[in-house]
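Enquirer: This structure is in structure tokens; I'll ask about it shortly.
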Amino acid sequence: MTKYIFVTGGVVSSLGKGITASSLGRLLKNRGLNVTIQKFDPYINVDPGTMSPYQHGEVFVTDDGAETDLDLGHYERFIDINLNKYSNVTTGKIYSTVLKKERRGDYLGGTVQVIPHITNEIKDRVFRAGKETHADVVITEIGGTVGDIESLPFLEAIRQIKSDVGRDNVMYIHCTLVPYLKAAGEMKTKPTQHSVKELRSLGIQPNVIVVRTEMPISQDMKDKIALFCDIDPKAVIEAGDADTLYSIPLDLQKQGLDSLVCSHLKLDCREADMEEWKELVKKVKNLSKTVTIALVGKYVELPDAYISVVESLRHAGYAFDADIQVKWINAEEVTEDNVADLVQNADGILVPGGFGDRGVEGKITTVKYAREQKIPFFGICLGMQVASIEYARNVLGLEGAHSAEIDPSTPYPIIDLLPEQKDIEDLGGTLRLGLYPCKLQEGSKAYQAYENEVVYERHRHRYEFNNEFRQQMEEAGFVFSGTSPDGRLVEIIELKDHPWFVASQFHPEFTSRPTRPQALFRDFVHASLKTSEKL
């Protein structure tokens, strides 16, 4: 029978529930179990697709095209699994489904209420996640903080699940904070006690408490937490600050978290073999080289907006024993006069995805500098589009060339709406989303990277290269090295007479793994290292 683990958070947000859940998932997978994982977000948006990155950080896209919380990126990278649309559920999605059922008459004229209709729909999403993936264990992270009004239906639903499937098949893990008061020189357990009290008032008794702390906690303090929260002292797990996120699974294993879980859920499985993971952590902590990548974007004040890009760069760096230093550059501040100073000492330049006109001219200026100065360049999504616009303007001489998204009246719409997007009015969930095939041109840098004729990558875009300009650009030396199998859509562009200048319409950052870097990121970092004469 499928087992269910629920991870909740208390005291404050951003305690690392997602990393805790991901790390546990990795440990259980390495015990030979089939694990899936999901995130419940209490906000009323249907998904984060239309939310500002400043509000929510990166939007992570799954193979089946779901626009999801950035925690799913952590889940995929840690556990090395591909998730689906059932892995991220929001209040908005739940209510939308229930209201559609009510309009269809599915409730036979009954009064639709939070209990049982909303809670039943939430429970259905938990059970469906396990059924769709044939999982031995489903890990569900509940977003927000215990005590928030928005989280109550989710907490009630996971309380009911224990009755539905039996206490031996459900486990509750609560993440809390033990703050250190510098003035008093003391750590305080009272916030944790009150958070657990709040959780218990809702009918949920945690089986494990993961204590987030910046200072080591004593056994006496663990015993105190265990006494007041009514759990075994061995079930108080310390989660201190880590040098690298990837060491956290090993820290949790050392404290026996996975053994506690297997014992409680009566899972008969082998010990987790973490030797490969230990080698990864050893490598990460002992990198001997450094490469600097200038990341030119519009949301650089919030690095979480590009978290998968940065992690993918790091994964690529690990393959070459290199520590990646990201130089954050606000695209709005880039001009012809200062671009050289801004990207000074950068071994490579990366322009990531984005929407809207803010910072676009700065990105175009950056691309021009990378092209002319022969600096390794990697463009992603909008990064590919601005690379195409820059070439049209400055090599073909098409003055005023632009994207129809930014300048609808441009005489040369190098980037235009996808044909199927012409009559769409809604912004949410209407992009070209998810995994699509890309056919590569033999002999190209893209082909060298993938060593494959057809590859599959995840997309999130509405605009595409305009084929009216394809022949003209090709004749001027622009290489279309990746297209959809029918040749209709441009997926990858590159330049011949350049050390490494490649840009993709898709988002390769969503498929990178710490032990298996994504091919284009790997070759971009390799080219950056070679250029800096560090390899």
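Glycine residues also receive a Cβ, built from the backbone N, Cα and C atoms like all the rest.
Not my notes, these are from Swiss-Prot:
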type	residues	note
ACT_SITE	Cys381	active site, nucleophile
ACT_SITE	His507	active site
ACT_SITE	Glu509	active site
BINDING	Ser13, Asp148, Ile149, Glu150, Lys188, Thr189, Lys190, Pro191, Thr192, Gln193, Lys224	CTP binding site
BINDING	Ser13, Lys188, Thr189, Lys190, Pro191, Thr192, Gln193, Lys224	UTP binding site
BINDING	Ser14, Leu15, Gly16, Lys17, Gly18, Ile19, Asp71	ATP binding site
BINDING	Tyr54, Gly354, Leu382, Gly383, Met384, Gln385, Glu405, Arg462	L-glutamine binding site
BINDING	Asp71, Glu141	Mg(2+) binding site
DOMAIN	292-534	domain 'Glutamine amidotransferase type-1'
REGION	1-267	region 'Amidoligase domain'
Enquirer: Would you kindly give the Cα-Cα distance separating Glu509 (active site) and Thr192 (CTP binding site), rounded to the nearest Å?
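Expert: On Cα coordinates alone, these residues lie 37 Å apart.
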Enquirer: Looking only at Tyr54, Gly354, Leu382, Gly383, Met384, Gln385, Glu405, Arg462, the residues listed as binding L-glutamine, what is the longest Cα to Cα distance in Å?
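Expert: Largest pairwise Cα separation, rounded: 23 Å.
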Enquirer: On a simple 10 Å Cβ count over all chains shown, which one of the recorded positions Asp71, Glu405, Glu509 is most densely packed?
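Expert: Checking each of Asp71, Glu405, Glu509, the winner is Glu509.
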Enquirer: Which of the binding-site residues Lys190, Gly354, Met384 has its Cα closest in space to the Cα of Gly16 (ATP binding site)?
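Expert: Closest by Cα: Lys190.
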Enquirer: Please find, for Ser13, Asp148, Ile149, Glu150, Lys188, Thr189, Lys190, Pro191, Thr192, Gln193, Lys224 as listed binding CTP, the greatest distance between any two Cα atoms, in Å.
Expert: 30
Enquirer: Counting only residues 6+ away in sequence within the same chain, which have a CB under 8 Å from the CB of Tyr54 (L-glutamine binding site)?
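Expert: Sequence-distant Cβ neighbours: Tyr299, Glu301, Leu302, Ala305.
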Enquirer: So what's the mean pLDDT when you look at the domain 'Glutamine amidotransferase type-1' (292-534)?
Expert: 92
Enquirer: Taking each of Glu141, Thr189, Pro191, Gly354, Met384, Arg462 in turn, which of these binding-site residues have a Cα lying within 10 angstroms of the Cα of Lys17 (ATP binding site)?
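Expert: So the list is Glu141.
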Enquirer: With ATP as the bound species and Ser14, Leu15, Gly16, Lys17, Gly18, Ile19, Asp71 as its recorded binding residues, calculate the greatest Cα-Cα distance and give it in Å as a whole number.
Expert: 13
Enquirer: Give me the Cα-Cα distance between Glu509 (active site) and Leu15 (ATP binding site), rounded to a whole Å.
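Expert: Answer for this pair: 25 Å between alpha carbons.
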